[in-house]
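For reference, the structure is listed below as structure tokens.
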Ligand SMILES: NC(=O)c1ccc[n+]([C@@H]2O[C@H](COP(=O)([O-])OP(=O)(O)OC[C@H]3O[C@@H](n4cnc5c(N)ncnc54)[C@H](O)[C@@H]3O)[C@@H](O)[C@H]2O)c1
Ligand SMILES: O=C(O)C[C@H](O)C(=O)O
């Protein structure tokens, strides 16, 4: 059957890369026909029409239908996937709290729309920042949809970490696997390579033993990944878009088709209190293995050093702080 995929913020810069990849079959496969639903706000209706024209002009075989809309009811009707990119961007001088407030309103409304109009099996990926907390807000506003159907994007952070390691070792990106992103998609995230491996020919070795520089791994490597989003903004005067779209494709493809063998990937998922001492009630990024069709389980039993423990707790604490603020805004 046809897959109905919603992208919000469809007139924005991430969507401009993302929509093409989805329509081209890079996410769900070339043989899977897709109906793309594009939502943006009314002032962007004209731009949205332009993007629709371009999608038509790509003449892609797997793109069955395009629906562009500025109403939530139409956008969320019977969808299989919701990729929630649209959000109020952070403007200069705006505090994190102001951003949270503006976005709490958007994600509460969209959570309610998911609850009312989407399929109960819908898979939701939240990208708009603050991604973890926006995801928690949407999940809370959609009680009829299972909590495990809600995830937020930390794949961009994972890809950044993977590429830093590959560059350091002078190997290609696909030689490096099982990097972990713990916690928030923010500068408190903990990119962890303690369990990561690098494949050279037929042999697989640990990243830690190949890099042979714990100072770098526990210092500059971590801060580079944590601050990479800010570095791109400083350089481009716009936030990352091409790499964000690529990471969204990776996340959704793995969620749809599953992870391979014993490999894992990181995504922000609802914390039920049973993983690595992270308390219940936030969206926290952990390593997961995914079965074909999308059921996922957190990878358990990994050894956690004292260093890792403190980093993992720090980012959890930030998320509980964000949650407190968000709940205040949600009830108002
Ligand atoms: N999680 C991540 O890894 C990651 C990475 C990069 C960017 N981001 C975030 O993704 C978001 C989008 O980034 P962008 O560069 O595409 O921004 P953008 O400003 O170019 O596009 C955002 C679009 O969302 C639309 N929008 C705003 N409110 C909406 C609503 N209520 N419903 C539907 N659409 C709405 C805007 O009109 C705009 O067209 C930002 O919040 C950014 O911070 C997250
Ligand atoms: O938009 C941002 O604040 C940065 C973005 O989330 C990124 O990681 O590139």
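Placement of Cβ uses the backbone N, Cα and C atoms for every residue, glycine included.
TrEMBL annotations: computationally assigned, not manually curated.
If you check TrEMBL, you get these features:
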DOMAIN    4-150  domain 'Lactate/malate dehydrogenase N-terminal'
BINDING   40, 103, 127, 128, 129  NAD(+) binding site
BINDING   90, 96, 129, 160  substrate binding site
DOMAIN    154-323  domain 'Lactate/malate dehydrogenase C-terminal'
ACT_SITE  185  active site, proton acceptor
Segment-level pLDDT (mean, integer) for the domain 'Lactate/malate dehydrogenase N-terminal' (4-150): 96
Rounded Cα separation (Å) that holds between residue 129 (NAD(+) binding site) and residue 185 (active site, proton acceptor): 8
Sequence-ordered binding-site residues from 103, 127, 128, 129, 160 with Cβ under 6 Å of an atom of ligand 2: 129
Where residue 103 (NAD(+) binding site) sits in the secondary structure, as DSSP reduces it to three classes: helix
Proximal residue to residue 127 (NAD(+) binding site) among recorded positions 90, 160, 185 (C-alpha distance): 185
Most distant Cα pair in Å, residues 40, 103, 127, 128, 129 binding NAD(+): 16
Binding-site residues whose CB lies under 6 angstroms from ligand 1, from 40, 90, 96, 103, 128, 129: 40, 128, 129
Neighbourhood of residue 96 (substrate binding site), C-beta criterion under 8 angstroms, separation at least six: 130
